[in-house]
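Visitor: Sequence annotations record features per position, and here Swiss-Prot assigns active site to Arg209, Glu238 based on sequence analysis. What Swiss-Prot records for His255 is active site, proton donor. According to Swiss-Prot, the feature substrate binding site maps to Ser45, Thr67, Tyr259. Among the features that Swiss-Prot reports, NAD(+) binding site is placed at Asp147, Asp233, Gly258.
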Amino acid sequence: MKILADENMPYVQQLFGDLGTIETVNGRELTPEQVKDADVLLVRSVTKVDQALLAENNRLKFVGSATIGTDHIDLDYLASHNIPFSNAPGCNATAVGEFAFIAMLELAQRFNSPLKGKVVGIVGAGNTGTAVVKCLEAYGIEVLLNDPLLEQSGDPRDFVSLDTLIEKCDVISLHVPITKTGEHKTWYLFDEQRLNSLAENTWLVNCCRGEVIDNRALIKFKQQRDDVKVVLDVWEGEPNPMPELVPYVEFCTPHIAGYSLEGKARGTYILYQKLAEVLQISADKQMESLLPALWSERVLVQEISDERALLQLARFVYDLRDDDELFRKQFLNNQGFDHMRKNHTHRREFSALKVGNTGQTNVNWLSNLGFSGVEL
């Protein structure tokens, strides 16, 4: 059995190696010729899987995408050809949630404006949006949710309209899929008009899809409204963001919010489990055995007295400033955007760090934030 996998998917050899011959490829440049004799195709969001890509293949047994979204997959085509498909919903939700939370802490530090006491609006309350909520509520932050589709589906949580969210929130974090049609389309959800409606000193964080914000309109807006602070992990026109936008963004990264080692491993592992179901074989490997130990497995904490201390603890796991600096230096280089994504292999989730409490202050709330082994 031939397994064709994106070269940037981790742990493919360890998980799938016993099932067949593995060939890794550049997912953004995948061709029908490469795919024609594959039995299994494993991709990420950079690969569009449709009739054009699969036209020469008549033996495909499974397509897996190590992503939450499926907008790059022609699901109707796969179904019409009886090709089993699985994505990995929620695989990197924790990573995205922690990334957005860390970005807010970094903004708070840079502009001397504490996150504590702000109201945060989450646009899109699915897996990733909910993961942000978990971090924020663990820290005692008030959160408002906007997600008309979930609201209409009967989700029991409280929701507000987008206009209400914009009016009442100090911070807005975007976590929607990209949809181009329909009553609740998200393509250019934040267009010129909506950007201009943002309250003074709003923070806007986008970790979902670049086209949710009209990037050209954002440049014009930021030229007039420097009070609004912006964090972009995703960009219109990836992998070639508008160079003129970058100077107006407070923190820039190359679509890596979900790129923790845990999130990547989780995505590959979900596909391993799904393929085992399709092949009707036992999935006997364990994800935990794949992950390396953190450089420091345990940090002793006397107290978390302020946000500066919390941010310092978070930086033990991930320092956003490093990726921001690297992005500004490399994104204009040949294939710089994709090069940074491919080599983003160092980030961990809070759970990788054990926190020991040596003081009298209660820091047990850190376990709700995701840190492991919080001890008295």
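From the backbone N, Cα and C atoms, a Cβ is placed for every residue, glycine too.
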Visitor: Taking Cα atoms as reference points, rank the recorded positions Ser45, Thr67, Arg209, Glu238 by distance from Gly258 (NAD(+) binding site) and give the first.
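Guide: Smallest Cα separation from Gly258 (NAD(+) binding site) among Ser45, Thr67, Arg209, Glu238: Thr67.
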Visitor: Looking at the recorded positions listed here (Thr67, Arg209, Glu238, His255, Tyr259), whose Cα lies nearest to that of Asp147 (NAD(+) binding site)?
Guide: Arg209
Visitor: What other residues of the same chain, not counting Ser45, Thr67, Tyr259, have a CB atom within 8 A of the CB centroid of the substrate site?
Guide: Arg44, Val46, Ala66, Ile68, Asn92, His255, Gly258, Gly267
Visitor: Taking only C-alpha atoms and a 10 A limit, tell me which of Arg209, Asp233, Glu238, His255 are near Thr67 (substrate binding site). These are the recorded positions.
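Guide: Hits: none.
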Visitor: Looking at Cβ-Cβ distances, which residues of the chain lie under 8 angstroms from Ser45 (substrate binding site) while being 6 or more apart from it?
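Guide: Counting only residues 6 or more apart in sequence, the Cβ neighbours of Ser45 (substrate binding site) under 8 Å are Ser65, Thr67, Gly69, His72.
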Visitor: Quick one: of Asp147, Glu238, which of the recorded positions has the smallest count of other CB atoms within 10 A?
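Guide: Counting other Cβ atoms within 10 Å of each of the recorded positions Asp147, Glu238 gives the minimum at Glu238.
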Visitor: For the substrate binding site, please report the maximum Cα-Cα distance among Ser45, Thr67, Tyr259 in Å.
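Guide: Greatest Cα-Cα span of the listed binding residues: 13 Å.
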Visitor: If you measure from the C-alpha of Asp233 (NAD(+) binding site), which of the recorded positions Arg209, His255, Tyr259 fall inside 10 Å?
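Guide: Near Asp233 (NAD(+) binding site) by Cα: Arg209, His255.
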Visitor: For Tyr259 (substrate binding site), what residues in its own chain, 6 or more apart in sequence, show a Cβ-Cβ distance under 8 Å?
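Guide: Result: Asn92, Ala95, Arg341, His344, Arg347.
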